[in-house]
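Copied over from TrEMBL:
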{"type": "DOMAIN", "residues": "28-517", "note": "domain 'K+ potassium transporter integral membrane'"}
{"type": "DOMAIN", "residues": "530-754", "note": "domain 'K+ potassium transporter C-terminal'"}
{"type": "TRANSMEM", "residues": "65-82", "note": "transmembrane segment"}
{"type": "TRANSMEM", "residues": "156-177", "note": "transmembrane segment"}
{"type": "TRANSMEM", "residues": "197-213", "note": "transmembrane segment"}
{"type": "TRANSMEM", "residues": "220-244", "note": "transmembrane segment"}
{"type": "TRANSMEM", "residues": "270-289", "note": "transmembrane segment"}
{"type": "TRANSMEM", "residues": "301-321", "note": "transmembrane segment"}
{"type": "TRANSMEM", "residues": "341-368", "note": "transmembrane segment"}
{"type": "TRANSMEM", "residues": "389-411", "note": "transmembrane segment"}
{"type": "TRANSMEM", "residues": "423-446", "note": "transmembrane segment"}
{"type": "TRANSMEM", "residues": "453-473", "note": "transmembrane segment"}
{"type": "TRANSMEM", "residues": "479-496", "note": "transmembrane segment"}
{"type": "TRANSMEM", "residues": "517-536", "note": "transmembrane segment"}
Amino acid sequence: MNPSEEFLEQGISQQNLRKASCMTVATLAYQSLGVVYGDLSTSPLYVYKTTFSGKLSLHENDEEIYGVFSFIFWTFTLIALFKYTLIVMSADDNGEGGTFALYSLLCRHARLSILPNQQATDEKLSAYATHGSMETWQSSALKSFFEKHPRFRTGLFILVLLGTCMAIGDGVLTPTISVLSAVSGVRLKITALHENYVVLISCVIIVGLFSLQHHGTNRVAFMFAPIVAAWLLCISSIGIYNIFRWNPHIFRALSPVYMLKFLKRTGIEGWISLGGVVLSITGVETMFADLGHFSSLSIRVAFSFLVYPCLVLAYMGEAAFLSKHHEDIQRSFYKAIPEAVFWPVFIVATFAAVVGSQAVISATFSIINQCCALNCFPFVKIIHTSSKIYGQIYIPEVNWILMCLCLAVTIGLRDTNMMGHAYGLAVTTVMFVTTCLMALVILIVWKQRIAIAVAFLVIFGSMELLYISASVYKIPEGGWIPLALSFIFMAIMYIWNYGTTKKHEFDVENKVSMNRIVCLGPSLGMVRVPGIGLIYTNLVSGVPAVFGHFVTNLPAFHQVLVFVCVKSVQVPYISEKDRLMIGRVGPKEYCMFRCIVRYGYKDLQQENYDFENRLVSGIVQFVEAEEDTTLKTTFISACGREVGNMDIEKFDAQNQDHSFTNSKSSDILETKIRKGHGGGAPLKDESLQILRAKESGVAFILGHSYAKAKKSSSIVKKFAINVVYSFLSKNCREPDVVLNVPHTSLLEVGMIYHV
């Protein structure tokens, strides 16, 4: 229930509702300071220092300083303000942002789905929502192109993985460069302090930061928001002071003419230095990635009215100071602070650097969660830390891996300039991937003219390619770090996705005919035992091979059999009333059902509530509705009479169209039972049989699959499947843990499938 509905239910007037809504936006905008904008607001610590770190230091005159500030201002304005705040954040997927959110939109509108078991009924979900403006010939042509050329679909998927992995790389580089840059300022006052102590202090702060993550984004945001607010006010005030004291004419540098003069005077050194300028917009991607933690309006309000003006004043003030102090270019930020307030600002800067890391850490958690749901990452433990804002999560394994990587980079590099080079490449790559996906969204989802999409791609893509080219030049000087990290994460994601896709294809190709199992029954001595058997499968139709393997080795199965398919749909969330889809498998006397449990890519795929009771009540409700609906009874009865001569899978496919969507099944079942005991219409015989079977016990049957590459496979494929995928499968969370299956009722059936 959203806040507006909650207030209306309490009978609050529309005027008070507007006030409450404004208060909600203001509260979320305040919280977003501590989570979303920490990284962006700490960029002044190292932007000028990194920009003038190379041969550009030989050109430290006013023209170059004016040019660098002009680049910073227009880059910040065009990319952060116009591209992200005004355009990209409008392309949210039901309130969710990030690279995978854009890809999810494209998958739904252009049939690019990477999830193999999607159904037509999924499109009826309210969150699926693909209707909109009329189809254009450009969008139709692009959809047809992707449908006819699977390689381009694969290429787009790899592009998405690249952007995602670079964003994860940000989660490693941001804490290192932010914290080390802040702590390094103390050496201006304590000159005898050795570099090793600065690194040690930075490592302690990083460990403390990651140790706080289990408290959740909500609590961390309230702790960190005052720090960021104080930091922004500090640097903007110092910026205003430096402007009026050192160079009131710095406003002239707002003219884009100074950018052209800068490139003309500095040549190749100026072009290379743009890898440092791009650090001024590090963190803008997290505005979009962290969208699910807050709301688009709250993030826009915070950026437009506080973050943007404060940072522009800070960069302008530092440029004004540098125009009169060329010799202090490598320590300009702390040198520009008035002596009287140095230590208070240093303390705030250190805390702000810690907060700056929170944005990408939260974004990394969101990204990994989406990857797990979309079969692109091994299952990990995901903890929801807020009952009010569902998108706020914590992933312990990822948290500690990030911490170890941050410590390794901090101890290994020690130099913020090298970190800046690595950071710039990661940031610009993510931005360019977002630009490419947005151009497709404009065409396919928004159905705008191709000229608009091309203009968006050319304007913003050309800027980002310019910065990427400058960052690529710095690969030997630290830029290799995000490339190495991205390659490792991309390999993991692609191999995991490939392995799970091949597993599903194996299950589809090896489906068992129910007719065959029934015919083999007498020869196997097959019997039905009391209780309910839940067989978990990836299939949304047909009988899985694991069931045939089970009855062949143990020729008995339960009185009531339910094939449970837990699957993800490419929408962020699915409401509880749409969670379960229940249908019948085979004729009525078999007492076999299928339950499809649907989740969105942001949902928590773990049944914390009593799943068995909800499932049984849903099946009983399906049976009661099936009996009470004349049209459906006629259909099922007709199929039941003919099923002896009909292919059972054909029957199953027909029955999918008449599946039952669970809606408050527990309440309805309870009401029905009370009616039966109170003299009203009692439950049907089959329903009572299901309830008695429930009392006898519920068994969970899971397939334990082992993947092996075929003997004819290449060495690369054998290594990917037999070594990497096998290692990931053994070390990720098992399906029974993800599904919260009680071990006392668990049966595992081992199977080997060759890919």
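In case you wondered, yes, glycine gets a Cβ from its N, Cα and C as well.
Heads up, TrEMBL stuff is auto-annotated, nobody curated it.
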- Message: Using a threshold of three or more Cβ pairs below 8 Å, and leaving out pairs closer than 6 in sequence, do the transmembrane segment (270-289) and the transmembrane segment (453-473) count as in contact?
- Response: yes
- Message: Tell me if the transmembrane segment (389-411) touches the transmembrane segment (423-446). I count contact as 3 or more CB pairs below 8 A, with pairs 6 or more residues apart.
- Response: no
- Item | Cβ contacts under 8 Å made by the transmembrane segment (220-244) with residues that lie 6+ beyond its boundaries | 30-35, 37-38, 41-42, 44, 212-213, 250, 306-307, 309-311, 313-318, 320-321, 336-338, 341, 345, 348-349, 351-352, 354-355, 358
- Query: Is it true that the transmembrane segment (65-82) and the transmembrane segment (197-213) have 3 or more Cβ pairs under 8 Å, skipping pairs fewer than 6 apart in sequence?
  - Reply: no
- Query: With pairs 6 or more apart in sequence, are the transmembrane segment (156-177) and the transmembrane segment (301-321) linked by at least 3 Cβ pairs under 8 Å?
  - Reply: no
- Message: Within the same chain, where does the transmembrane segment (341-368) have neighbours whose Cβ lies under 8 angstroms from its own Cβ atoms, ignoring anything closer than 6 residues to its ends? I mean 6 or more beyond.
- Response: 34-42, 45, 98-100, 164, 167-168, 170-171, 174-175, 178-179, 181-183, 185-186, 189, 205-206, 208-210, 213, 217, 220-221, 224, 227-228, 230-231, 234, 238, 283, 285-286, 289-290, 292-293, 334, 377, 380, 391-395, 398-399, 402, 602
- Same-chain residues at least 6 beyond the ends of the transmembrane segment (389-411) whose Cβ lies under 8 Å from its Cβ atoms: 95-96, 171-173, 175-176, 179-180, 199, 202-203, 206-207, 210, 213-214, 216-218, 292-294, 361-362, 364-366, 368-369, 380-383, 419, 481, 485, 573, 602
- Please indicate, using numbers and ranges, the residues of the same chain that are 6 or more beyond the transmembrane segment (197-213) and have a C-beta under 8 Å from a C-beta there. 175-176, 179-180, 183-184, 186-187, 220, 223, 350, 353-354, 357-358, 361, 394, 399-400, 402-403, 406-407, 410-411, 414
